[in-house]
Amino acid sequence: MEFVERYNGSGLLIEVEKILYEFKGVQHIQIFQTKSFGKMLVLDGKIQLTEKDESFYHEMLVHPAMLMHENPEKVLVIGGGDGGAVREVLKHDPKEVVMVEIDENVVKACKEYIGIDRGALEDPRVKVLFEDGLEFVKSCKDKFDVIIVDGTDPNPISQALISSEFYRDCAKICDYFVTQSQSPFAQPDYFKSIYKNARFKNKAVYLGFVPTYPHGLWSYLIASDRREIVLDLNVIKERFENRKIETVYYTPEVHISAFALPRWIVNLIS
Ligand code: SAM
C-alpha cells in the first residue's frame, strides 16, 4: 500500500506496511507503519511527522529560541500533540511547560502508537491543556520566556494560529516567540502571510531540512518585541554546552547558518 501526499501537482509517495490507527474526530488522524520512515502521523491527509525525521523538525523548532533566551524557565507550547516539541524543551531543564493542544485524540493516539514524547508529557513540570491556543493566549494573564507554536498546516482549526491577532496576543506575554512557517517553496502564500502578520519589533526567518515535509525545505519564524535575535555563535555555543543538550540535527553552527536565506526567499518577504 502507498500513502501519497500531494502539493501543487507533485507530491511524496511513502510505502506503508500497516495502518496502526485511524480515527475521524476534530481531525482525521491516521498512524501508519511505513517501510522507510518508521511510524508516521498524518492529520487530514498531511504528514505531521515520521520517526525517521521528526527530530530534524522538532530540534530546529525548539532549540534556536530556547538558546536565544539566557534562562528559559517558563515555556508555552501551542499544538504539538505528539509531544516532540515538549521533549526538546525539557532538555533545557525549564521549571514549567504548558502545552495547549486543541485535539485530545492526537495526544492519546501519539502516546499509544508512536511515543516520540518519550515520557515528556508525563513529566511533573509539564501541564497539558486541551483547548484552542488562540483563546488561551487571548485570556492569558501569565508571562512566558518562550512561546513555541507547533501547529498543523493552516486548516479550519489552525488558521487562527497564523493571524495577526494571535501574534499580537503572543507578543504581549513572551520574550521569544517561534512558529513553524511552512514551506517557502511549496506554500509561498502561507509563508508570506505568516511573515507579514507577525508584526513584532524584531523577527527573522530560518530554514531547515525535513525530508517528509513538502519538498523537504521547511521554514520557521522567530520574533520578539523585547529581545534581539541572537546570532552570536559564541553565546549560543556556550549555552548549548552548559545545558549539555544532545541532538541529532541541531548544532550551534547549524543554528547560525539556518538564518542565511537564499535570494528568492528574501524576495518573498521583502
Ligand atoms: N509538526 C507538525 C507539522 O508542521 O506538520 C505539526 C504537528 S502537531 C501534531 C500539530 C498540532 O497542532 C495538532 O495536534 C493539532 O491538533 C494542533 N492544533 C491545531 N490547531 C490548534 C489550535 N488552534 N490550538 C491548539 N492546537 C492546535
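Each residue's number is its place along the chain shown, starting with 1.
The backbone N, Cα and C atoms fix where each Cβ goes, glycine too.
Unlike curated entries, TrEMBL annotations are predicted automatically.
For the domain 'PABS' (1-225), the model's average pLDDT works out to 97. What TrEMBL records for 1-225 is domain 'PABS'.
Following the DSSP three-state reduction, the secondary structure of Glu101 (S-methyl-5'-thioadenosine binding site) is strand. The Cβ of Glu101 (S-methyl-5'-thioadenosine binding site) lies under 8 Å from the Cβ of Ile78, Gly79, Gly80, Gly81, Val107, Val128, Leu129, Phe130, each on the same chain and at least six residues away in sequence. The S-methyl-5'-thioadenosine binding site feature in TrEMBL is assigned to Gln27, Glu101, Asp132, Gly133.
Residues or ranges marked as spermidine binding site in TrEMBL: His58, Asp82. Under a cutoff of 8 A between CB atoms, and with a sequence separation of 6+ in the same chain, the neighbours of Asp82 (spermidine binding site) are Leu41, Gln48, Leu49, Glu54, Val106, Val107, Cys110, Ile114, Ile116, Asp117. According to its DSSP assignment, Asp82 (spermidine binding site) is coil.
All protein chains shown were included, and the count of other CB atoms within 10 Å of the CB of Asp150 (active site, proton acceptor) stands at 26. Under the heading active site, proton acceptor, TrEMBL lists Asp150.
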S-methyl-5'-thioadenosine site shell beyond Gln27, Glu101, Asp132, Gly133, criterion: Cβ within 8 Å of Cβ centroid: Val26, Ile78, Gly79, Gly81, Val100, Ile102, Asp103, Phe130, Glu131, Gly151, Ile157, Ser158
Residue pair His58 (spermidine binding site), Gly133 (S-methyl-5'-thioadenosine binding site) - Cα distance, angstrom, rounded: 19
Of Gln27, His58, Asp132, Gly133 (the binding-site residues), the residue whose Cβ has the fewest other Cβ atoms within 10 Å: Asp132
Residues Gln27, Glu101, Asp132, Gly133 [recorded S-methyl-5'-thioadenosine binders]: greatest CA to CA distance in Å: 16
Spatially closest candidate among Gln27, Asp132, Gly133, the listed binding-site residues, to Asp150 (active site, proton acceptor) (Cα to Cα): Gly133
